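Here is the structure we will look at, set down as structure tokens.
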Amino acid sequence: MHKVLAIETSCDETSVSIVSNIGDTFRIHSNIIASQIEDHSKWGGVVPELAARKHLELLPFVLDKALEEAKIKIEEVDYIASTVAPGLVGCLRVGSITARSLCMLHSKPFLGIHHLEGHLSSILFSENYPKKSFLTLLVSGGHTELIKVDDSRGMQRLGKSFDDAAGEAFDKVGRLLGLSYPGGPAIEKIAKNGDPMKFNLPKCKISDKKGGFLKYDFSFSGLKTAVLRLVERINLTGKTVPIPDIAASFERVVAEVLVDRTIKCAQDHSLDTVVVVGGVAANNTLRKMMISEASKKSIKVHLAPLDLCTDNAAMIGAAALFRIKFKDHFSSLKLGVAGRLSIEQADNLYEETPPF
């Protein structure tokens, strides 16, 4: 059995987790998450400098609590991992420097983990997670991507968002409607009282330079603008803005776009399994629609556990365990952090000469 201490500080959650695996069974011993939502809500979004300072303040306490809850001493941990890319650079540095310092102090191997690979690995904690090739819809505040994962766990991005990620669009539309931050949960809550068919909002596409459209890619900026224009038109009439109806219509369109393009991509690449991960994967409308529409095409759907959809260290630990188990990968203690790094470049984090 391998035990990993994992740290996640890529954005506004300070998280430390102790995870382990025996064969193909992955277990969470502790997964402590300190959210900064209250600190950033008055600004309507994450303030990078504030987030980094809060990580510095919270991480020692979160680390102690994770070890205490797991009933383990740091000397008993086999490996230490942290998110190193992509994310907010100042925030990433807090977790990475802490992890590498602990490795040096306690003579432990270090693994720098790609944040998106962490999200993909959250599915390892679900029952009967897929062992063969599958398509992942990774949909969060910062990313909306379709990633093919092959039998050997090689990763290839097949689709992406060209502007706002789906989660970012939820936040911006939520702010536009006067809802609380973060926008995703706020929109989902109020949409329950609305009519999802009330407004016909656009499903934006990305033009292909060769002609037609990029059928696996996403654009949510136009949808956000359409909601803004709708609210402006209603305000000009002097009528009350039907916020529940707008929220429900927006939520429906986002879910339809994500589901339709995911299923199309899976069919075109002869993949019979779809995995949905990331913060927006917690949205109930998206979860139900994906299962319903995929079943019509004989496509199996695996959903990330609800408590592991948003950023957390357990998913980073799972990615580390998978690297150790199947690829025998470790990172140099000289490895730094990067604000941007594509998922196809994740293997570079384990090179003898670090990429950054």
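Cβ coordinates are placed from backbone N, Cα and C, and glycine is handled just like the others.
Sequence annotations record features per position, and here Swiss-Prot assigns Fe cation binding site to His115, His119, Asp311 based on sequence analysis. Residues within less than 8 Å, Cβ to Cβ, of Asp311 (Fe cation binding site) and separated from it by at least 6 positions along the same chain comprise Glu8, Ser10, Cys11, Asp12, Glu13, Ser15, Ile33, His115, Gly279.
When Cβ atoms from all protein chains are considered, those within 10 Å of Gly141 (substrate binding site) total 25, not counting its own. Taken from Swiss-Prot, the feature substrate binding site covers Leu138, Val139, Ser140, Gly141, Gly142, Asp171, Gly184, Asn283, and the record attributes it to sequence analysis.
Gly142 (substrate binding site) sits 12 Å from His119 (Fe cation binding site), taking the CA atoms of both as reference points.
In sequence order, Glu8, Ser10, Thr83, Leu116, Gly118, Ser140, Gly278, Asn312, Met315, Ile316 are the residues of the same chain, not among His115, His119, Asp311, whose CB sits within 8 A of the CB centroid for the Fe cation site. Proximity to His119 (Fe cation binding site), judged by a C-alpha distance within 10 Å, picks out Leu138 from the binding-site residues Leu138, Gly141, Asp171, Gly184, Asn283. When secondary structure is read from DSSP and collapsed to three states, Asp311 (Fe cation binding site) falls in the coil class.
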